[in-house]
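Trainee: I'd like to ask you about the structure that follows.
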Amino acid sequence: MRGGEELDGFEGEASSTSMISGASSPYQPTTEPVNQRRGLAGLRCDPNYLRGAHGRLKVAQVILALIAFICIETIMECSPCEGLYFFEFVSCSAFVVTGVLLILFSLNLHVRIPQINWNLTDLVNTGLSTFFFFIASIVLAALNHKAGAEIAAVIFGFLATGVYTVNVFLSVQKWRVSLHQQSTNDYIRARTESRDADGRPEIQRLDT
């Protein structure tokens, strides 16, 4: 009887000890990997963005920049080649950067990085692409050798410039709206904090 009681007491102490050690153990089961897998598996294309004006402009920019880059790459001989190299760099850079932004916006990946002002980022990209595409197209048009690929590249370069210009106008409007909303939210937050600060002394007086 006494041995059984001691055995039962030992088992109780062992179970309680295991519960305590399990509660304080750093190797606790977590659902974070499951959430991460859900987040990666939940990537879906946003049809509303692609159907909107910004999405359509982004798709058009990527296509035009790619076609302009392909046209300029088909040229085998050039003299001088500075204008061709500059147009090649501009079209390739615009295609890559705009393509990355299109992927981020269409999959809503930019929402996961709120530290970056994406409206301003899009505005800077479209503004720089508009400027450099315009300059590169003018230089290539002035230095071309009447070749079909050069003429096609110039045409698609000016088309890309026009599309980027429209996007700049829309991005400026969107950026202004975001600034207005941010200032409004900051004002509401400041008013709420001031009201809370004014109400605390009255609550303390009632408590006393």
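Note: Cβ is positioned from N, Cα and C throughout, glycine not excepted.
Annotations in TrEMBL come from automatic prediction, not curation.
These came from TrEMBL, pasted as-is:
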COMPBIAS  1-11  compositional bias 'Acidic residues'
COMPBIAS  15-25  compositional bias 'Low complexity'
REGION    1-35  region 'Disordered'
TRANSMEM  59-76  transmembrane segment
TRANSMEM  88-111  transmembrane segment
TRANSMEM  123-143  transmembrane segment
TRANSMEM  149-170  transmembrane segment
Trainee: Cβ under 8 Å, sequence separation of at least 6 from the ends of the transmembrane segment (59-76): give me the contacting residues as numbers and ranges.
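Mentor: Long-range Cβ neighbours of the transmembrane segment (59-76): 50, 84, 87-88, 91-92, 94-95, 98-99, 102, 129, 140, 147, 149-150, 152-153, 156-157, 159-160, 163-164, 167.
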Trainee: The transmembrane segment (149-170): which same-chain residues, six or more beyond its ends, come within Cβ distance under 8 Å?
Mentor: 53-54, 57-58, 60-61, 64-65, 67-68, 71-72, 74-75, 84, 87, 91, 94, 122-123, 126-127, 129-130, 133-134, 136-137, 140-141
